[in-house]
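Accompanying notes for the structure given below.
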Amino acid sequence: MGLIAFLILIGVLVWVHEFGHFLMAKLFRVKVEIFSIGFGPPIFRRQWGETVYQIAALPLGGYVKLYGEEENVHDPRAFSTKKPWQKILIALGGPLFNFLFTILVFALVYTAGVEVPKYLKEPVVVGYVQRDSIAQKIGIKPGDKIIKINGYEVRTWEDLRDALIRLSLDGVKETTLFLERNGEVLHLTIKVPNVQKGEELGIAPLVKPVVGGVKKGSPADQVGIKPGDLILEVNGKKINTWYELVEEVRKSQGKAIKLKILRNGKMIEKELIPAKDPKTGTYFIGLFPKTETVVEKKPFGEALASAVNRTWELTVLTLKTIAGLITGKVSFQTLGGPIAIAQIAGQAAQSGFIPYLVMMAFISLQLGIFNLIPLPILDGGLILLFAIEWLRGRPLPEKFKEYWQRVGLAIIITLTIFVFINDILRLLR
């Protein structure tokens with residue numbers, strides 16, 4: 001499932017990107033010799049008109065080969081005869097279409113309707129405070145309502161989540177949080193959790209300990225716990241929230257626990273031994289909470305505006321992440337390559353068509369931004385070269401261009417090897 005979802009995703013996104021270059025080239029009457037999805041030997045090849053369309057064996061990218069791109073040809077249909085500003089627009093076509101595709105997909109998703117957890121759209125009323133968390137250390141309590149953080153108005157849990165991500169990516173270490181408690185407004189100084197390292201504020205909405213799903217083969221599944229069960233006690237201790245259940249399971253350190261459960265008006269008890277997650281080292285029993293969801297639908301005009309806004313927000317977050325990688329605030333271990341993308345694609349596809357589309361739109365945006373980085377071989381590097389030629393009023397020396405391409409190839413190969421190693425290490429952890 002993951003491989004098929006990955007191949008479809010890569011195929012669509014590469015087609016979108018290369019089609020942008022293709023259309024821009026046609027706009028300026030440049031002959032396109034080859035339109036390829038993938039690299040290496042072709043497994044499908046067909047010529048229509050003056051262009052050969054092909055699917056190649058290695059599905060990790062694609063290209064359009066333009067007439068006169070690699071050598072100076074004195075022909076009005078050749079890329080080499082075009083003005084620098086025209087070359088810039090042809091190079092810009094791919095990333096531009098990635099951005100437009102992202103906006104279009106988001107608009108269609110918002111029009112069709114997005115299913116989101118209901119609590120994300122609700123006010124930030126604290127239902128649970130994690131032990132030894134940032135929130136507990138500064139005195140946040142259940143029942144507190146967070147209304148503002150660092151000047152950002154917080155109306156919903158979604159607002160709080162986005163604000164914390166922005167602050168973390170901006171490198172803010174401490175900030176002021178405003179909350180309402182018993183009719184009073186309090187302001188607290190908090191440490192901003194580092195989202196890149198997986199840190200959290202340590203609060204959650206009130207989620208009742210009602211079972212929404214059971215992982216197949218898990219300890220809970222083996223003893224017959226079912227969706228709809230209400231967990232009342234763990235080892236004789238009453239619990240009121242899902243997070244208390246999680247905390248008690250983790251505290252068990254693998255020792256047997258007893259659960260008191262309400263099922264269809266009857267009290268039952270189950271005894272089970274929590275399993276240890278080899279990746280995180282924490283104990284679990286394989287239960288998922290029952291989460292209420294709402295479907296958000298918007299008219300197409302409103303959906304389009306929301307799509308543009310969401311694309312802009314994600315672009316800013318991505319640029320901040322890139323800046324964090326350069327300054328060292330974000331670890332390079334967070335980078336993922338084809339293996340990670342295949343895993344994510346498979347998970348999204350299993351979640352449904354809409355989550356898969358959202359994930360595809362997000363990766364399309366990443367692809368567009370990545371290609372605009374002014375590195376040799378990438379579209380951004382070509383745009384930089386053409387801009388320099390425009391300012392100089394004459395082409396750059398061929399030897400410089402060759403050296404520029406070699407440097408770019410070395411950088412891309414190094415980065416590719418790095419993300420592959422990262423992916424493999426992530427699988428082993």
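FYI, residue positions are counted from 1 along the chain as it appears here.
Glycine residues also receive a Cβ, built from the backbone N, Cα and C atoms like all the rest.
Annotated features in Swiss-Prot:
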type     : residues     : note
ACT_SITE : Glu18        : active site
BINDING  : His17, His21 : Zn(2+) binding site
DOMAIN   : 189-265      : domain 'PDZ'
TRANSMEM : 88-110       : transmembrane segment
TRANSMEM : 369-391      : transmembrane segment
TRANSMEM : 406-428      : transmembrane segment
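Through the fold, the transmembrane segment (369-391) approaches residues 17, 84-85, 87-88, 91-92, 94-95, 98, 315, 318-319, 322, 401, 404-409, 411-412 of its own chain, all at least 6 residues removed from its boundaries and within a Cβ separation under 8 Å. Averaged over the domain 'PDZ' (189-265), the predicted model reaches a pLDDT of 89. Here the domain 'PDZ' (189-265) is broken down by DSSP into helix, strand and coil counts: 17 helix, 24 strand, 36 coil. The C-beta environment of His21 (Zn(2+) binding site), restricted to residues of the same chain at least 6 apart in sequence and closer than 8 Å, consists of Val64, Ile90, Ala91, Gly93, Gly94. Around the Cβ of Glu18 (active site), a 10 Å sphere holds 21 further Cβ atoms from the protein chains shown.
His21 (Zn(2+) binding site) falls within a helix when secondary structure is assigned with DSSP. When other Cβ atoms within 10 Å of the Cβ of His17 (Zn(2+) binding site) are tallied across all protein chains shown, the result is 27.
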